[in-house]
Amino acid sequence: MPSAFQLQCHLVLIILAASKGETRYLEVRDAGEDEPFLLLSEDLKRQLSAGQIYRRSLRCIDMLSIEGQFTFTADQPQLHCATFFIGEPEELITIEYDFVNIDCQGGDFLKVFDGWILKGEKFPSSLDHPLTTSQRYVEFCESGNIQRSMRSSQNVAMIFFRIHQPGNGFTVTVKKNTNLFPCNVISQTPSGRFTMVIPHQHRNCSFSIIYPVVIKISDLILGHLNGLFLKKPPAGCAGVGDFIELLGGAGLDPSKMFPLADLCHSFHGSAQMKIGCDNTVLRMVSSGKHINRVTFEYHQLDLQETELRKENSIEEFCFPSI
């Protein structure tokens, strides 16, 4: 039986964007029912001995979470294809072209995107990514053999491609690299625990969970400088340079999601919220003047939990979508 996350991705990936700045609906005709997307289990990872390279063919629509060498060969014209890569929160993804045989003049293309695109929405959002949208695309037909290796800025990346001629295709090698200060993250699982640290950097970081969840913040440090805490700001976080916001919605782009709550003062303890949205995001906004840190845990929201304590939830906005 596929995992809940595999089934979620099966639904999500049919609305992948397939062209720069635009979206198309992608077909999933060649995705096997027994293995719709390959998010490889820890058991299989352990079976790969040190130095052994995992290899397999790619489908037109695919998802991968493991290092290896992957080949796509068209058996018919494939016009709307995409492969999504996801790592652990503390990993960056490097994609290397080993072999490419496509007809650029005939309308084929092969692009790498730094992040994910779903239904025209980007993760990370344009507000939270260090590169402009155009810089996040690397197209083989434009760059040729000049740039054969691309590294993501977060734990997700994608390639999307169009190949008209049967027999043409490409081979890529995917590697993982350690990210000491993970910023923008999409969670592989519906439950977990994470600590986000932004050390004196003027940037915004989002942790995205593609599930309705209960999220509990257990520790928050904002405005921590030389061992001192700044004074607690007045009510509301407007105009405060460092704060946390919780967002919810049905899309992928945090900048287009509904603001549910914000926190702009440090505390040690516990703050919990039930968020019944299709996608939940914890976003940290940092001015770069301080070391900001937040620790939180989350688990998938059970429908029965919506009947329990309701004073700290947002049923009127999110729960109708469950």
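From the backbone N, Cα and C atoms, a Cβ is placed for every residue, glycine too.
Per TrEMBL, these features apply:
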{"type": "DISULFID", "residues": "Cys60-Cys81", "note": "disulfide bond"}
{"type": "DISULFID", "residues": "Cys104-Cys141", "note": "disulfide bond"}
{"type": "DISULFID", "residues": "Cys183-Cys205", "note": "disulfide bond"}
{"type": "DISULFID", "residues": "Cys237-Cys264", "note": "disulfide bond"}
{"type": "DISULFID", "residues": "Cys277-Cys318", "note": "disulfide bond"}
{"type": "DOMAIN", "residues": "52-177", "note": "domain 'Corticotropin-releasing factor binding protein N-terminal'"}
{"type": "DOMAIN", "residues": "185-306", "note": "domain 'Corticotropin-releasing factor binding protein C-terminal'"}
{"type": "SIGNAL", "residues": "1-21", "note": "signal peptide"}
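Everything TrEMBL records as a feature, shown here on the structure.
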residue: Cys60; record: disulfide bond; Cβ within 10 Å: 22
residue: Cys81; record: disulfide bond; Cβ within 10 Å: 23
residue: Cys104; record: disulfide bond; Cβ within 10 Å: 14
residue: Cys141; record: disulfide bond; Cβ within 10 Å: 15
residue: Cys183; record: disulfide bond; Cβ within 10 Å: 24
residue: Cys205; record: disulfide bond; Cβ within 10 Å: 24
residue: Cys237; record: disulfide bond; Cβ within 10 Å: 20
residue: Cys264; record: disulfide bond; Cβ within 10 Å: 23
residue: Cys277; record: disulfide bond; Cβ within 10 Å: 27
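Straight-line distance linking the Cα atoms of Cys81 (disulfide bond) and Cys104 (disulfide bond), rounded to a whole number, equals 16 Å. For the pair Cys104 (disulfide bond) and Cys60 (disulfide bond), the C-alpha distance works out to 18 angstrom. Rounded to a whole value, the Cα-Cα separation of Cys264 (disulfide bond) and Cys205 (disulfide bond) is 15 Å. Between the CA atoms of Cys205 (disulfide bond) and Cys277 (disulfide bond) there is a gap of 20 Å.
Rounded to a whole number, the distance between the Cα atoms of Cys237 (disulfide bond) and Cys141 (disulfide bond) is 46 Å.
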